[in-house]
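Chemist: The structure is given below, and queries will be raised subsequently.
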């Protein structure tokens, strides 16, 4: 944001470097700040710059590097906040209905925003300042989704949908007998899992695994890779033996 503000104020920077008077002590004359604009105007210009830069092409909410850094606990505060929030939501869904959880979340969010709005109004009244609405920079953001961006997202989703449909047809119409048998065994095992856990419990366990397994694997990568390789070789040999005994599979491979 500091670099965007400095680029926006390039005329003032060039004039100050040519001998103009330095900014006043309270106006934020540090490098990278907005000396000619207040903090509010600086935030608004930064928000406008972000919107103008992201309107030309669709921007993903989460990039691959961000997700990687999140699950590997690169930023402990950010990962802790995401992990704690999602875990609380899932535990709440396990104890209460979806309507109750959504209602309480909206009430909590409204409590925070309304309290902050009232607090800033009182501060402005006491100090007799005219800073305006505290969320004005966010209210002025253009969050409309263009038709081009919408079509890009739809096209990206259709690639995955078509791939999933092709996989479903291939498995259920038994294009490969071994793959269909793998699916049948997996679904049979899931019947026992479903008898013990419900969907919310599986989501909670999944979140715990997502935020714990990657960091454990990163720490003990060599040992885990060794045992995974042994298990993969054993599984591959068993599958090859089964394929050799099943009718039609050996003939299909020879062709």
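These residue numbers are counts, starting from 1, taken along the chain as shown.
Every residue, even glycine, has its Cβ placed from backbone N, Cα and C.
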Chemist: Give the range, chosen from 172-194, 195-217, that TrEMBL lists as transmembrane segment.
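Modeler: Residues 195-217 are the ones TrEMBL records as transmembrane segment.
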Chemist: Check each of the ranges 21-50, 51-80, 81-110 against TrEMBL and return the one annotated as transmembrane segment.
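Modeler: Here TrEMBL associates transmembrane segment with the stretch 81-110.
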Chemist: Let me know the model's mean pLDDT on the domain 'Reticulon' (67-255).
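Modeler: Overall, the domain 'Reticulon' (67-255) comes to a mean pLDDT of 88.
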